[in-house]
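Here's the structure we're looking at; comments come further down.
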Amino acid sequence: VWCVYLQLNYPVLIAAIFICSIGGTFQYGFSVSVMTSPSQFIKELVNRSCVERFDRILMDWEVSLIWSFTVSVFCIGGLLGSLIASSISSRFGRNRCLLLNNFWAILGAILMISSRTANSFEMIMVGRFLYGINAGNPMYLTESAPKNLRAMVGVTIATALAVGKFCGQLLGIRELLGTEKSWPWLLGFNGFTALFQLCTLPLLPESPRFLLLERGDLQASENAFRKLWGNKDHSKEVVEMLEEKAALQSIRSCSVLELFQNRTVRWQLLTIVIVFTSLQLCGINAVYFYSFDVFRAAGIQEHRLAYAALGTGLCELTTSIKTVWWLPYCSMVLVFVFIFFFSCGPGVFILTQSFKSAGYTVGCTVNWICLFVLGSLFPILENLGNFCFLIFMAVCLICGFHVRFNMPETKDRTALEISAEFDRMRAKDKTSQKKNSSKICEIKAQDTKL
């Protein structure tokens, strides 16, 4: 219903969603899952290049270390990209920032495609790093959508990420690009999506919100509204943004250091750190990064690993449910259920305007660092066998208990209301502590009299 509504009323916005998604969060999702299928070919390239250069065959743990770093270096690029994205988009604009961002992916794709011919696994590392810098920035879409459609646009961003992960697994099967000859093209596929966005993004206007709030160009902002929304009335949106601009002039954005030093937002900051840490250390991306290893450990046969990672192993579960080999496929289904519930997780804003920028920086930094740690250490944790997932379960439990007892309800509440609720919860805890301490003092006083 929403798709039909958008196509009829906002055709240019539909095009913007597709263009920005295919060249944005789609690429992030693709980069997360694509390394699984060609993993054996890349490891062979690592060994072959070392033999030719140094006349030395690497030990298994050395290959595993190089492989895990190749997977995880994507996160270092992502961290760098998230730290510089805000300043670049504010200086050049949201649209132009996305345009420039595509060159990182195209350069990374060239290195990926050339890596086997050049017999260089280092080119794959550099390419992954560049892919990380390019990892999607949805700011343009969220600023270009009407207020009543922003939540739906947010869902399409998450959907594009999920589609990217699926396509990374789909193209990796041996019938498509998951072969010894074609795997460099599989790794370089992101370059083609970046080239598509590079050619089509100039057809879209700059973000109307950016033009009005940061450039102060009312006429250009109204032109952008008309191009994106057609003949729809946008006067209310313009008035609201002008009011927001007037309000923001009296608000100073706090730095990350000030965020850590401010005691009034201590619990919001702790919540951000815990939630973003558990977002990665819950194990979801370990499944995507090393799904072949996970399913292999679960007992899935080697020639079925690609299909299990894709999800079609569910069909094989149906056909083999009556045999004694049902347990490995049961493990596979549990992994799918795990991914499903992860994808249903909520996202909220719990900081007021003055702390949002610093909170975004902290959240992104924690997110990328934890993803790097996960990608680097999971091959080592696999030595624990199935028990390695107990660590992820503990992280999920800690996060769950924290959110249950230390985070207020956020549904239909503004950031100011959520902040006030945090203060109320903390005040209630302090009051109960004072009551408990006074009772203890009374009991001690009575014991002294006796």
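The backbone N, Cα and C atoms fix where each Cβ goes, glycine too.
The transmembrane segment annotation in TrEMBL covers 12-30 (among others).
Residues or ranges marked as domain 'Major facilitator superfamily (MFS) profile' by TrEMBL: 17-411.
What TrEMBL records for 65-85 (among others) is transmembrane segment.
Taken from TrEMBL, the feature transmembrane segment applies to 97-115 (among others).
According to TrEMBL, the transmembrane segment annotation covers 153-173 (among others).
Residues of the same chain lying 6 or more positions beyond the ends of the transmembrane segment (185-204) and with a Cβ under 8 Å from any Cβ of it are 12, 15-16, 19-20, 22-24, 26-27, 30-31, 34-35, 37-38, 95, 98-99, 102-103, 105-106, 108-110, 112-113, 115, 124, 127, 131, 134, 171-172, 177-178, 227-228. The annotation transmembrane segment is assigned in TrEMBL to 185-204 (among others).
Look at TrEMBL and you will find 269-290 (among others) tagged as transmembrane segment.
Look at TrEMBL and you will find 326-351 (among others) tagged as transmembrane segment.
Residues or ranges marked as transmembrane segment by TrEMBL: 358-378 (among others).
Summarising the annotation, TrEMBL assigns transmembrane segment to 384-403 (among others).
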- Would you mind listing the long-range same-chain contacts of the transmembrane segment (65-85), meaning Cβ under 8 Å and 6+ residues beyond its ends? 31-32, 35, 39, 42-43, 46, 58, 97, 104, 121, 124-125, 128-135, 137, 139, 289-290, 361, 364-365, 368-369, 371-372, 374-379
- Message: Counting a contact as 3 or more Cβ pairs under 8 Å, with residues at least 6 apart in sequence, do the transmembrane segment (97-115) and the transmembrane segment (153-173) touch?
- Response: no
- Query: List, by number or range, the same-chain residues at least 6 past the transmembrane segment (384-403) whose CB is under 8 A from its CB atoms?
  - Reply: 270-271, 274-275, 277-278, 281-283, 286, 297, 378
